[in-house]
Amino acid sequence: MSLRGVSARLLSRRSGLRFPRFPRTWSSAAAHTEKTQIRPAKSSRPVFDWKDPLILEEQLTADEKLIRDTFRNYCQERLMSRILLANRNEVFHRDIVYEMGELGVLGPTIKGYGCAGVSSVAYGLLTRELERVDSGYRSMMSVQSSLVMHPIYTYGSEEQRQKYLPGLAKGELLGCFGLTEPNHGSDPGGMETRARHNPSNQSYTLSGTKTWITNSPVADLFIVWARCEDNCIRGFILEKGMRGLSAPRIEGKFSLRASATGMIIMDSVEVPEENVLPNVSSLAGPFGCLNTARYGITWGVLGAAEFCLHTARQYALDRIQFGVPLARNQLVQKKLADMLTEITLGLHACLQLGRLKDQDKATPEMVSMLKRNNCGKALDIARQARDILGGNGISDEYHVIRHAMNLEAVNTYEGTHDIHALILGRAITGIQAFTVGK
């Protein structure tokens, strides 16, 4: 499906969802800054627009803008109204997956199988808008699109693609990705999950435990990576209800509370041979999935950072201390300038990386560089915004503290800040530093 085709689909689907209009509150005003600010008057001289400092808008295609704007409306009108209580009560709304499937934004870069087939930049713009609301919602979308649909599309058989991708694209099926284990986070090569082949009945028996798995408590499908008897790493498609398979929820999170996180416990789960992903047999499989997901994260975290910047700016303009707005304070202006600079540079780097991906010129090191940079900078921006809000900054009604808490997790998962530094260090020096003496 062409970009223009998916744009039309997004718009036509939107009317069917009948988005309600919610009264504007101060806490959501910053998210709508772009709608409420007066555009500079046209003149013969260029005028600096702080909302788009290096004119990113002109580098996007008409279809990319339309896709983004349509999804932005959905996120602000349907999701922003739910997130406060969802985060406060640690509730994941399954209906959101159906709604996103209706909009066509799940697995959006995949061509065929009910997917939209949009550009990598369009996908990045979608994650940016979603994480502007909440990192937990974006995490769900990233897992579904990059860690479940991508491996089935890239490493799966045609039968597997036909069987699973249409349902995943519609949101009828929700998936999760099992790689991290209790004793193996940054070192997936040490995984203890085992798959034993049973030639007599053409199946595999999986045993092991995965943890910190987004979507697992509510998942219908489980993409699980296990070490086989030949020492190869293979991917398996497990289905909810298989004997010996359970996915208990992890309770008490202070981050990503609007998404469901849990474990995958496999007690001699029998999986038919037809559920093995046939086109990969090494860690290149899960790493390829993670690189795809990390790309979406590089855009997404900047959406959260933008929300924090806009909220802090509006608060500094409205808040009067010592008879003047906080925004008159030089230290506050410096913080806002630093935030704007980092967001702008990050967005343009994301755009370049997206164009390179669509030309098959992107490398894992490029993704690591931006995942590391943008996550770290977004977390710093959220912390600075919370500081500008003073005591109000710790109230969830202003949303900034929620973004800060979420970004603590995002800066850690799918490769920590330091692990990505080692990936880059290896590329720079030619020497791996993940292990000592090897």
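Each Cβ is built from the backbone N, Cα and C atoms, and glycine gets one as well.
Remember, it's a predicted structure, so these values are computed and weren't measured experimentally.
Sequence annotations record features per position, and here Swiss-Prot assigns transit peptide to 1-44 based on sequence analysis.
Positions annotated as N6-acetyllysine by Swiss-Prot: LYS51 (among others).
The 10 Å shell around the Cβ of LYS51 (N6-acetyllysine) contains 14 further Cβ atoms across the protein chains shown. According to Swiss-Prot, the N6-succinyllysine annotation covers LYS51, on the basis of a large-scale study or a structure entry.
The Cβ neighbour count for LYS65 (N6-acetyllysine), using a 10 Å radius over every protein chain in view, is 14. Look at LYS65 (N6-acetyllysine): DSSP puts it in a helix. Annotation comment: Swiss-Prot describes LYS65 (among others) as N6-acetyllysine.
Classification of ARG138 (substrate binding site) by DSSP places it within a helix. If you look up Swiss-Prot, you'll see ARG138, SER139, SER186, PHE287, GLY288, CYS289, LEU290, ASN291, THR292, ALA293, ARG294, GLY415 marked as substrate binding site.
DSSP assigns THR214 (FAD binding site) to a strand segment in the three-state reduction. According to Swiss-Prot, the FAD binding site annotation covers 177-186, 212-214, ARG319, GLN330, 387-391, 416-418, PHE434.
Note: LYS240 (N6-acetyllysine) has non-local neighbours ALA219, ASP220, LEU221, PHE222, i.e. same-chain residues 6+ apart with C-beta under 8 A of its own C-beta. Positions annotated as N6-acetyllysine by Swiss-Prot, on the basis of a large-scale study or a structure entry: LYS240 (among others).
Under the heading active site, proton acceptor, Swiss-Prot lists GLU414. A coil conformation is recorded for GLU414 (active site, proton acceptor) in the three-state DSSP classification, outside any helix or strand.
LYS65 (N6-acetyllysine) sits 31 Å from PHE177 (FAD binding site), taking the Cα positions as reference. When the recorded positions ASP387, GLU414, HIS417 are compared by Cα distance to ARG138 (substrate binding site), the shortest distance belongs to GLU414. Of all Cα pairs drawn from ARG138, SER139, SER186, PHE287, GLY288, CYS289, LEU290, ASN291, THR292, ALA293, ARG294, GLY415, which the record names as binding substrate, the longest spans 22 Å.
In terms of C-alpha distance, the listed recorded positions LYS51, THR214, ASP387, GLY390, GLU414 place GLU414 closest to LEU290 (substrate binding site).
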